[in-house]
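To start, the structure under review is shown below, and the notes come after it.
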There are 2 protein chains.
Amino acid sequence: MQNDLPKGFRAGAAAASFKKAGRDDLGLIVSDTPAVLAGMFTQNLFKAAPVLVCQEILARGRAVRAVLANAGQANACTGEEGLANCRATQAMVAGLTGLGQDEILPLSTGVVGAHLKMDLWLDAVPALVQSLGSRDAEGFTRSFMTTDAFPKFATRDVALAGGTVRLTVMAKGAGMICPNMATMLCVALTDAQVAAEPWQAMFGRAVNKTFNRVSVDGDTSTNDTILGLANGASGVAAQGPEDIGLLEEALTAILGQVSYMLVKDGEGARKVIHITVSGAANDADAELVARSVGHSQLVKTAIYGGDANWGRIVTAVGYSGARFDPAAVSMKLCGIERFRKGCPVNEDQETALTELLKGEDVQVDIDLGGGSGSYTFKASDLGHEYVTENADYRS
Amino acid sequence: MQNDLPKGFRAGAAAASFKKAGRDDLGLIVSDTPAVLAGMFTQNLFKAAPVLVCQEILARGRAVRAVLANAGQANACTGEEGLANCRATQAMVAGLTGLGQDEILPLSTGVVGAHLKMDLWLDAVPALVQSLGSRDAEGFTRSFMTTDAFPKFATRDVALAGGTVRLTVMAKGAGMICPNMATMLCVALTDAQVAAEPWQAMFGRAVNKTFNRVSVDGDTSTNDTILGLANGASGVAAQGPEDIGLLEEALTAILGQVSYMLVKDGEGARKVIHITVSGAANDADAELVARSVGHSQLVKTAIYGGDANWGRIVTAVGYSGARFDPAAVSMKLCGIERFRKGCPVNEDQETALTELLKGEDVQVDIDLGGGSGSYTFKASDLGHEYVTENADYRS
């Protein structure tokens, strides 16, 4: 194993049999020194217990040391008992590592409404702590996968004025994905030295351009959390507008890369629909249109089936709630214009489109023909594999 | 054939081969005398040509004589050419029947973005007019079915002060169903004598309580139209609050019956999810919650699979956008409480629930624990048959 984490971070994992035996479902990352924290969380009103605890820690504004993640149970909609269980898992790890309980950030994913299996936690935590340093970015990512078909992580080195720092992002998510402020679960680590305020601010902007613009099924999870830990172990400070700009650019790019993987791995997804909307009265209207198309079951199944049924796309534009002149709207599918200023065109391009729709990435460009508002959005297609996986997720 | 239409209405149909050969895809209803019109139409900004024409006719406020319906092509997103084609079909029927062109209400359903096949219309209209009187409610309904698995119609006799009148409702729709102001296509006929104003007013209220509260896939069609024709042929007047009330009660009941059939026949649907929301701050919040649950892909696939994964329901409540206290929320699935004031309960009821979820109608009751706002909503489940049907609808 080559440790591809930023300097000063160690990862471990253990198999606790939370859902299936014999695979890692518990992960831990520890920073050797206190790290500056940034975080964004789900807008779902039923925030999972670990989300509430992370929010408390972030609000306190003190440095943190560790991230503790589990798959199997989401510990969401579990009331006071869920909150007590969450704190107990922090306490277990604190007891064996010497870290403060409030320096440990909990992340949970799995079935909503199910309680953590505390007896299994008690059994597994010693091995988990023992394993610290034995896992790389992929190893940690695998420890909190659920229905994910592949692990989603990426690493990038950024040259700042004072030297090179590393950024590593590890995420999970394939279903219940329509992040609102953050994704299912995502941890971003850097060994850059950065102050809390610019770190949180660049996080907000980067997440808004990446994770908040993807959807698998339109279902915003109770557990969406993205955490950023900057421990400064590189000895390189990101300060001044230029360095901060470089770090933000790298962060946005790497979060974009990982959020794309998330749509790519949408439960049972075969294709990613890339939607761009331009010519809207404002960005908010463009967003309404992009999300309406990206969430349309009829559009998603047509793309899945490779059917160039572009009328469904235009229909979803029409009921999006955005205001525009229908006679000014144009639309391209896979780069071929099929609808121009309210009328069908290029009806002879069906064969070409059928061929283009076999690709894994499908481009949809919508021009509302009005103002300068625009938005981009990525969505999964909808196929049999999605139904199969979700008709009996818990078994 | 027993003519179950209200007095003074005759129906016909013909096979025009708009999409498949050998089945009726063109239908006509003629009232022997001028009928009072009520109508409601899609809120989609891309209104189909026949929707625009019906809206013109309704706005003019004059009596009407006929309804002309076709399957195969929706004549939506077809610009000026689509509008001209629509008027040409009215003219063909007017020429052969002696009716005024503006007395004929056009309805179209099928592929969005495809033009009407005018040569096939020219061939078929003579046989269509010839067939008047040969079809009953079912026969007319079959003439504008697309992916419908069964025809949706119902008849009801209403005893008013002056005698008995009949109400017949005929609808089509299985996909692209999330009516907003009206359904896909629906025609309601009565031989009651009723003035335009109370007729349109009761229509608005009845549709709002029925068709506007069902969804198959969340996709609001470009063609949604519901027309009500009252020709007075029974000689019985519906006037005065009591008669109007009786007629409205019957209309609401019969529209509820037919809109339920529509969800029941949701493309590939096996189950109908009946969602009730109470305890909301206001009805608008209750509606947000009900629609959020009814549109959730994860809820719909779980119900399809008979999986009592109630956490997905609560999750959809949480991201609905409604304001409420999560700790006050309770939820019953098939009558069994699984979530009480923010906490899981009755975990031993899983086996009972698995059995109950085998039924075709699944009840979900959500109590937000706040004010007196409430809403009801019906939605289809989401299964393999939906994907199969929609991945290649046009072929």
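In case you wondered, yes, glycine gets a Cβ from its N, Cα and C as well.
Those TrEMBL annotations? Automatic predictions, nothing curated.
If you check TrEMBL, you get these features:
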ACT_SITE  A:Thr183  active site, nucleophile
BINDING   A:Thr146, A:Lys172, A:Thr183, A:Glu267, A:Asn390, A:Ser395  substrate binding site
Among the binding-site residues A:Thr146, A:Lys172, A:Glu267, A:Asn390, which sit with their Cβ under 8 Å from a Cβ of chain B?
-> A:Asn390
Between the binding-site residues A:Thr146, A:Lys172, A:Glu267, A:Asn390, the one whose Cβ has the fewest other Cβ atoms within 10 Å is A:Thr146
Should A:Lys172 (substrate binding site) be counted as helix, strand, or coil on the basis of DSSP?
-> strand
